[in-house]
Amino acid sequence: MASSALNNLVAVNPNTLSPSPKSTPLPNTFSNLRRVSAFRPIKASLFGDSPIKIPGITSQPPPSSDETTLPIRQIPGDYGLPGIGPIQDRLDYFYNQGREEFFKSRLQKYKSTVYRANMPPGPFIASNPRVIVLLDAKSFPVLFDMSKVEKKDLFTGTYMPSTELTGGYRILSYLDPSEPNHTKLKQLLFNLIKNRRDYVIPEFSSSFTDLCEVVEYDLATKGKAAFNDPAEQAAFNFLSRAFFGVKPIDTPLGKDAPSLISKWVLFNLAPILSVGLPKEVEEATLHSVRLPPLLVQNDYHRLYEFFTSAAGSVLDEAEQSGISRDEACHNILFAVCFNSWGGFKILFPSLMKWIGRAGLELHTKLAQEIRSAIQSTGGGKVTMAAMEQMPLMKSVVYETLRIEPPVALQYGKAKKDFILESHEAAYQVKEGEMLFGYQPFATKDPKIFDRPEEFVADRFVGEGVKLMEYVMWSNGPETETPSVANKQCAGKDFVVMAARLFVVELFKRYDSFDIEVGTSSLGASITLTSLKRSTF
């Protein structure tokens with residue numbers, strides 16, 4: 001889901017921490033993007049009836065007219081020979097080129113950020129792998145325009161996992177807003193988040209404390225500490241305690257949730273993942289045939305039983321709104337385990353990677369800002385009001401979501417013929433054509449962002465907040481609000497809040513840290529090599 005191929009991007013210069021609103025227009029394509037190796041450490045809301053406020057920003061809906069002043073250009077690219085073309089593109093995507101180079105090389109070849117290509121998995125899982133690729137910040141938002149695209153069964157792209165993996169139901173993520181159950185199920189999630197908002201800060205702090213105890217012990221006894229596994233355990237504990245008031249360790253599930261979820265997620269996403277096996281093995285077992293759901297049935301049942309018990313009051317509410325307890329439970333499971341936990345599995349290591357690589361100067365500034373605000377505004381405690389006085393911390397979170405969005409791939413199918421615009425040209429899209437956006441290119445568009453491939457910690461401070469509409473990790477602009485009428489993440493504000501709490505809790509306790517960064521099939525693999533406790 002989130003890009004795991006971003007480890008060679010330019011690192012932040014810790015001596016240059018200035019806001020970066022749009023600068024002088026850059027060349028028309030991304031051919032000038034720098035690739036420098038950087039291996040050194042370097043409408044519901046969590047906040048009530050209103051979303052997180054972005055000062056000075058008023059979101060404008062996209063124009064409904066197909067009128068354009070740009071030259072109409074035929075969409076470049078092709079799909080190759082039937083059968084052969086999709087397989088060749090799949091091999092390029094996973095092995096011959098890799099994901100980043102797959103998109104970049106075609107962008108340079110066609111001199112266009114909009115072109116035609118095949119997306120994995122292709123034969124023999126997806127019957128139609130043909131897509132129109134969108135790689136710039138102007139064309140990409142059409143994927144959020146519900147008047148132009150539909151989202152039915154497109155959550156994972158050109159294929160949909162078997163409903164046997166989700167209790168026989170098409171889960172909310174696969175429903176288009178036009179479908180009746182979409183409104184009921186999304187409203188159920190909105191209510192859950194709103195009703196439990198007062199538990200988020202204390203339960204995050206408690207779960208983060210457990211995480212710190214594990215990594216500190218490993219550092220003291222082994223000299224290094226693997227971050228991902230204890231962070232994944234802490235993330236599930238937080239979600240369970242914040243949403244349901246239940247400690248997993250006190251249930252039959254124990255500490256098994258992360259391993260059970262990881263296996264189940266693999267069965268959902270295997271056709272679009274590379275897990276490090278030999279090419280021939282992956283092609284034969286992951287990319288050409290579906291893994292049998294039966295192999296993960298017992299694991300999934302354990303998760304289902306946990307949520308049947310833990311989410312009892314939520315299931316009661318679902319019944320009152322006309323949703324069966326069974327369907328509601330499978331949807332709650334998916335929202336917590338796949339959407340939320342799966343997102344944190346990628347986002348928390350990403351925060352550690354980019355902040356860790358930024359170095360001591362940024363660490364010191366964050367520690368000073370966070371501790372000062374806690375004392376002056378929070379009365380010594382982490383509060384919502386205190387976090388609003390931490391502009392650098394908030395910017396760091398948004399910059400991480402910009403440079404490495406947890407969900408990199410997004411799709412939409414054209415409902416009608418319409419004109420699609422990029423920065424340089426306009427293109428005729430036909431009804432039924434599949435549109436695909438690779439978000440890490442759209443959110444590093446050099447026509448929007450200065451130094452787009454660098455992690456600029458205070459990019460969104462001051463005038464930089466005007467760039468917030470181009471942060472689109474949530475399946476919509478950061479300046480817009482999730483509602484039952486769109487497909488923006490129901491937990492958008494919740495995820496941002498958790499990411500902020502992660503940074504706050506980290507620098508409340510520690511002055512600085514050092515890391516080693518590796519890769520995994522989903523996100524970065526982080527090893528802590530040092531943690532310096534708070535000295536002021």
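A Cβ is built for glycine as well, from the same backbone N, Cα and C atoms used for every other residue.
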Report summary line: Cross-ref Swiss-Prot: (13S)-hydroperoxy-(9Z,11E)-octadecadienoate site Asn339, Lys345; candidate in list Ser262, Ser274, Ser288, Ser395 matching that site is Ser262
Report task. Given that Swiss-Prot annotates His182, Lys186, Lys487, Cys489 as heme b-binding, name the residue from Lys148, Lys151, Lys152 that shares the site. Result -> Lys151
Requested in this report: Have a look at the binding-site residues Lys151, His182, Lys186, Lys487, Cys489 and say which one has the shortest Cα distance to Lys345 ((13S)-hydroperoxy-(9Z,11E)-octadecadienoate binding site).
Outcome: Cys489
Report task. Calculate the distance in Å between the alpha carbons (Cα) of Cys489 (heme b binding site) and Asn339 ((13S)-hydroperoxy-(9Z,11E)-octadecadienoate binding site), and round it to a whole number. Result -> 9
Report summary line: Long-range Cβ list for Lys186 (heme b binding site), cut-off under 8 Å, min separation 6+ in sequence, same chain only, gives Leu172, Pro482, Val484, Ala490
Report task. Would you please pick out, from the binding-site residues Lys151, Lys487, the one with the fewest other Cβ atoms within 10 Å of its Cβ? Result -> Lys151
**Report entry** Pairwise Cα distance for His182 (heme b binding site)/Ser262 ((13S)-hydroperoxy-(9Z,11E)-octadecadienoate binding site) [Å, integer]
**Finding:** 26
Report summary line: Across every protein chain in view, the count of C-beta atoms other than its own within 10 A of the C-beta of His182 (heme b binding site) is 20
